[in-house]
Amino acid sequence: MKMNRHFTVPQNGESSTIQWTKRNSKITNPDGSKVFEANDILVPEDWSQVAVDILAQKYFRRKGVPKYLKKVQEDGIPEWLQKSIPDTEKLESLKPEDRFGGETSALEVFHRLAGCWTYWGYKYKYFSDEESAKIFYDEIVYMLATQMAAPNSPQWFNTGLNWAYGIDGKSQGHYYVDPSTGKLVKSTSAYEHPQPHACFIQSVDDDLVNEGGIMDLWVREARLFKYGSGTGTNFSNLRGENEPLSGGGKSSGLMSFLKIGDRAAGAIKSGGTTRRAAKMVCLDVDHPDIENFIDWKVTEEKKVASLVTGSMLNNRHLNAIMSACYEMEGEDRFNPKKNSSLKKTIQDAKKVLIPDNYIKRVIDLARQGYKEILFEELTTDWQSDAYNTVSGQNSNNSIRLTNEFMAAVEQDQPWNLYFRTEKEKAKVEGRKAKPSQTLRARELWEKISYAAWASADPGTQYHTTINEWHTCPEDGPINASNPCSEYMFLDNTACNLASANLQKFVNLETLNFDVEGFRYLCKLWTIILEISVTMAQFPSKEIAELSYKFRTLGLGYANLGSVLMVLGIPYDSQQAMAITGAISSIMHMTAYATSAEMAKEQGPFVGYAKNQKHMLRVIRNHRRAAYNAPSGDYEGLTITPIGINPAFCPSYMLKAAQEDADLALSLGEKYGFRNAQVTVIAPTGTIGLVMDCDTTGIEPDFALVKFKKLAGGGYFKIINQSVPYGLKKLGYSPSEIEAIVNYCKGHATLNGAPVINTQALKEKGFTNEILEKVEASLPLAFDINFAFNKFNLGENFLTKNLGISKEIFDSPGFSLLEHLGFTKEDINKANDYVCGTMTIENAPFLKEKDYPVFDCANKCGKYGKRFLSYESHIRIMAAAQPFISGAISKTINLPEEAVIEDIKNAYFLSWKMMIKANALYRDGSKLSQPLNSVLELLNGIEIDDQEEIREATISKDPVQIAEKIVTKYISHRRKLPSRRAGYTQKAIVGGHKVYLRTGEYEDGQIGEIFIDMHKEGAAFRSLMNAFAISVSLGLQHGVPLEEYVDAFTFFKFEPNGIVSGNKHIKMSTSVIDYIFRELAITYLGRYDLGQVAPEDLRGDEIGSKRATAESNGQEKETLSSMTAVIEPTPKKEVETISYSQMISKEKPSSSPSGISLLEEVKLAKIKGYTGDSCSECGSFEMVRNGSCLKCMSCGSTTGCS
């Protein structure tokens, strides 16, 4: 093919207009500990910090890159395009540790991608000459650097490693078809033929251990997950539960095998360290186990609820029983008939159904001298042991619905289920199969809808519609999809994806769409994806052969929602549907026209001749949709597609869409097609962030105000850049736009603010210096209160200038502005002015008729009421679907208050509008998702029998609970009693077990600590012992614990990171940091040093008033009381926090803003995020991405995109 330049100029190539700069990249956990860091990396100047972080963290090759390279001579390949390998002679001059490193420049990554594609394209004669190859290389590097397009993640992970650096490895059992001979070959190298495909569909036979069977599938899946890809399978071939086996006996059923596959997938991170495995499980609606499949995730969610509740109740009541065994002396204390306290705790335990044998076990342990039982409390966090314990958490589930089933639902008809063996036997014998069971279709429909409402699964795939648009039905039906449901083709095939950033093709001056530039991009990226098929290796023989035979591609786009907003067009409108159809048609038909051009030179795909009439029928139907043909004109369709309505489409876009449709059909009829499929709409999760897209795939925006990451760390608030352009398109003046934008994102200054402004604060005692600090922090503040905390103002100013004691401003929930006399209404007014409302509703000058242009997937800000309906999501999908080979991966968001009937309507409308697949997500349908309404409903509700619980679990002796204590240094050591109370806390810090033991005085004050890390080696262990002794001596000489806490928290060294086994603390920067966080929380009430709020706990706090009693040589120890006592410090009273306060009182977090965990969830949801935390970096910036989640901070996803 002859290539022409479009974006680059000959003399300068790809870098002609690209400015480069050096940046640092650092991703941290919420506590400040480092997840990833890279310094002085070369990147395009225009890239955001998020894009830089994702490229550096996820897509840079981190090791194995030689410092010196040399070219490998190859006949017919120009020198600039030849492979490189390590230059061993030059490397020998370096120290061994300096010879290999990682990529440090975006240009290196772009070079290995574009160079590898160009190399394979040139080698197999995709270009007419060397000049065309050079143009192709330059244009691709330019498009990558300017964020116009990006390939799927496996390309970034794997492509070009061998070509650019000579990186290789042992073969992992892959296969490829040699392009020169057409013969299947087993790979001898891990990277010479890369695995660039993200999406796979695999078959499974009803066979346990042979090739192609059930256990073989898990091996094939593992091979895909290892290299960062996702896979889907239709499991309808597997026999149902109790279905007869050929050798006698009954089948264990489909579900038993799905659980094995779920466990296998859960154990693997996709791409090694990048993401967890992603898989799709499909099942036909006539399978005998369909009801169990539908209920799978609903049932597992119930198990999670039971595990969490049960663990908390067991921990509380069993420890209360153990404590009661030490309420009196002698053997009678173990007899509930003699020990009234023990009797009461047993009665309470039996009320909540604690197992009798566990109650007996605890009493037996107490009789043996044990004083505590470690009963881990599980949580509803989706990464917790509760979710890890149950099945069904590692796949997206979908049901294949036929037109016959949907008609049966419409008409309230019966629906038959069939044993697999009977169905196969009837097919062979040419008769009608006998049903194994008959249900009412509507009952099954109700079950599907309830499950989706309750657990967000199963999704639906419309089998008949999918196969009516199938280009190759002679080779079998389409049975399944990839995990995100955009790739739909034959079993044992693969698809590699790429997405265009539509925003790059909108001229921000004229607000016209650059049709010619978009066409050029679609042509080049179709060629890239086709070359990728040529160079690829695959995880099995079948996939290698069939992917080579059909050569399916997955070109798509992102940022459609932003483009519509920039153009001033509501997402939910006829204009949006028409423009979506036109853009999709231009992309799709340009890709098919390019495929036909390649077929002219390379020949059509192997399976084309057999399927020619079907494929041309499908292409003609695509063309008819571009012309908005009447329903009677379409061939072989039962549901009429949504065509491009000329009344609502800009004429130049409509003309281009129809021209491209004409060209694709005419070239295809003449030359055939090189590819059976060319387009999908993927969720573009991580790659969408690399391209700095505001919206992913076909999605609308999720918020109008965003928080942009700064290069030096932190965030600042910006308006979605689509908003001012959209307002300009709607005719608003610059001054009106400025007022509307300021209403949304805030003025970021106190000047002119109502009530709380510079003058008012000066009257309260604020100095000019402090006011400057406040002003400087306002652009970064989400809430005005964040600018008025001790970290920003300084403790000296608060104590000396404002006269506020440390005890007051350190107290949880302290608000300086309220303390200064401003009312909540005053603060809200000032907050709206300074920090913005986060919504456009009720903005000055904005006409209500223009509100729909700025509607988002969620309500915006705390005042926002508007959001896009599920119907609008479905309509925009319906507009694009007639111009997509595969399907559309999209989240259809529903509010929490959506009812089951809404789910039914959404699924039914999707079928009626010819959508191929649908996934719904109702806010709060996952138990793991924090939900504002739940927090608001339950906040402040206390347990009715609080006093009974206290009687059963807390020592009644109120000695020194409210005693005023003055702490001072004492020259003589205050000795601890020979027998002393205390507690033992076991935890794991960064994978290392730590045992912390405390010893206390009779009054409950801490007097000593013991630290044991018994597997860490003699030297380290001895140092920890010595450190514990020195701290203990200090405590016994009167050094306040608070001093140690201030000195040693945030102390950083290895081991560090994730903490498990502790209720409050989930992250620490070192073992020392963890120890003093734990002591501060237990003895000082410093919940700000933990990551889990006390209101999240259910009465398992370690009591700090522990009376000591002699009884048969054993001490009495309250192990799980409902009272936490704050350790006294100079001139402070000991504060007692009741159990009810623990539930309702918010804790400060460890962040400088001092907000609670509950508040953090609420704020995240106000910003448009889901309220979930990221498993990689801990931020609360998760958004829905297809049927998965994506972190807007570090780019991690819970799926395969």
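Any Cβ shown, glycine's included, is placed from N, Cα and C.
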If I go by Swiss-Prot, the feature region 'Disordered' sits on one of 8-28, 1100-1120. Which?
1100-1120
Pick the one from GLY115, GLY121, GLY230 that Swiss-Prot also lists for the substrate site with SER153, ALA198, CYS199, ASN482, PRO483, CYS484, SER485, GLU486, PRO683, THR684, GLY685, THR686, ILE687.
GLY230
Suppose we draw a 10 Å sphere around the Cβ of THR686 (substrate binding site). How many other Cβ atoms does it contain, all chains included?
29
Indicate whether GLU486 (substrate binding site) is helix, strand or coil by DSSP.
coil
List only the single closest residue to CYS495 (disulfide bond), chosen from the binding-site residues SER153, CYS199, THR686 by CA-CA distance.
CYS199
With every protein chain in view, how many other Cβ atoms are within 10 Å of the Cβ of CYS484 (substrate binding site)?
33
Tell me, how many other CB atoms lie within 10 A of the CB of GLU486 (substrate binding site), whichever protein chain they belong to?
30
Per DSSP, three-state class assigned to SER153 (substrate binding site):
helix
